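Quick look at what Swiss-Prot annotates:
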type	residues	note
TRANSMEM	21-41	transmembrane segment
TRANSMEM	73-93	transmembrane segment
TRANSMEM	94-114	transmembrane segment
TRANSMEM	134-154	transmembrane segment
TRANSMEM	168-188	transmembrane segment
TRANSMEM	199-219	transmembrane segment
TRANSMEM	236-256	transmembrane segment
TRANSMEM	263-283	transmembrane segment
TRANSMEM	288-308	transmembrane segment
TRANSMEM	338-358	transmembrane segment
Amino acid sequence: MLIYLTDYLSQYISGFSVFHYITMRTIMSVLTALLISFVIGPRVIRWLIRLKVGQSIRLDGPETHLIKTGTPTMGGVMILFSVSSAILLWGNLTNHYLLIATLTMLGFGVIGFVDDYKKVVYKDPNGMRSRTKFFWQSVVGLVAAFTLYSLAKVPAETQLLIPYMKDTFIYLGAWTVVLAYFVIVGTSNAVNLTDGLDGLAIMPTVMVAGALGVFAYMTGHLYFSDYLQIPYIPGVGELAIFCAALVGAGLGFLWFNAHPAQVFMGDVGSLAIGAALGVVAVAVRQELVLFIMGGIFVAETLSVILQVGSYKLRNGKRIFLMAPLHHHFEQKGWHESQVIVRFWIITILLVLIGLASLKIR
């Protein structure tokens, strides 16, 4: 929104022209989202406490988590508000990539909100029925995937790029919609599964979002995309502002979610930010790089799939002490803080490996 005001003011005061550049608006976006999170955080927490929106802890989970019963949940609303506010202020609202990413994030946020509401009001740790949740995730995911496909303007938007290999891609055509759907919905659920310890999901999300912001800027820049020999997609650079807002809001939320957490993001947060990562990765054609950088999310998801599969196919035998994976390490004796920080360290390494694909090819 402010881009229009600064464009007008730049006619009279040349200094305002700096806000036309994506780099400057990206910086302002991360700072704005961070500041808003700091300001509204304590108020949101007090509001959630007054509403008695406390977390219900699964009885089959680690016993050490029972102490967290009653901690305010649904704190993801502050993430969504901070991100949306920063985008409204610094984003180009005519850019369809930015609009699709924002609306997809909010759509999954609504699904998560309903899920959290059922958990809180009915004191049911399982919340919304799995089939119902998956149905609505599929609806929002397919709408986002099909919209991106229908608005594609360059061949790269219907290709699967192979990282670390020069000019190597797989033409997908209409199958792009299918891939996009699985990436968006899959990432949303993967982040949701990871959100089981204080700060465990939000910090990897911040790291991956920051890296995807770099990919978005480079892919949307004619000179840099040519220099790095990656596809040029006009307009997709605006997603750097979206990613920056997610980074700022995520760091602001971490301030209150760090161990011992004052608030949990709930499904309203985890489903939304996961979908946000997925839709950005699809838009900038870095689905495989997301798979690498989000390795923690992938490992958490696979641990659940393998655990359930093993239990059903091997007469109740389990692979892990408990799933998702972070609970397995807790059961092995790792302190919660050790699990969190070690998973962060792994994510840092994976993000650096992902970013290296910009030059290694």
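The backbone N, Cα and C atoms fix where each Cβ goes, glycine too.
Three or more CB pairs closer than 8 A are found between the transmembrane segment (288-308) and the transmembrane segment (168-188), so contact between the two stretches is assigned (pairs 6 or more residues apart). Counting Cβ pairs closer than 8 Å and at least 6 residues apart in sequence, the transmembrane segment (199-219) and the transmembrane segment (338-358) reach three or more and so form a contact.
Taking pairs at least six residues apart, the transmembrane segment (21-41) and the transmembrane segment (236-256) share three or more Cβ pairs below 8 Å and count as touching.
Remote same-chain residues near the transmembrane segment (134-154) are listed as 96-97, 100, 103-104, 107-108, 111, 174, 176-178, 180-181, 184-185, 188-189, 231-234, 271, 275, 279, 282-283 (criterion: CB distance under 8 Å, separation of at least six residues from the stretch ends).
Note on the transmembrane segment (73-93): residues 1-3, 25-26, 28-30, 32-34, 36-37, 40-41, 44-45, 48, 53-55, 99, 102, 105-106, 109, 112-113, 116, 119-120, 238, 241-242, 244-246, 248-250, 252-253, 256-257, 263-270, 272-273, 276 of its chain, located 6 or more positions outside it, place their CB under 8 angstroms from a CB of the stretch.
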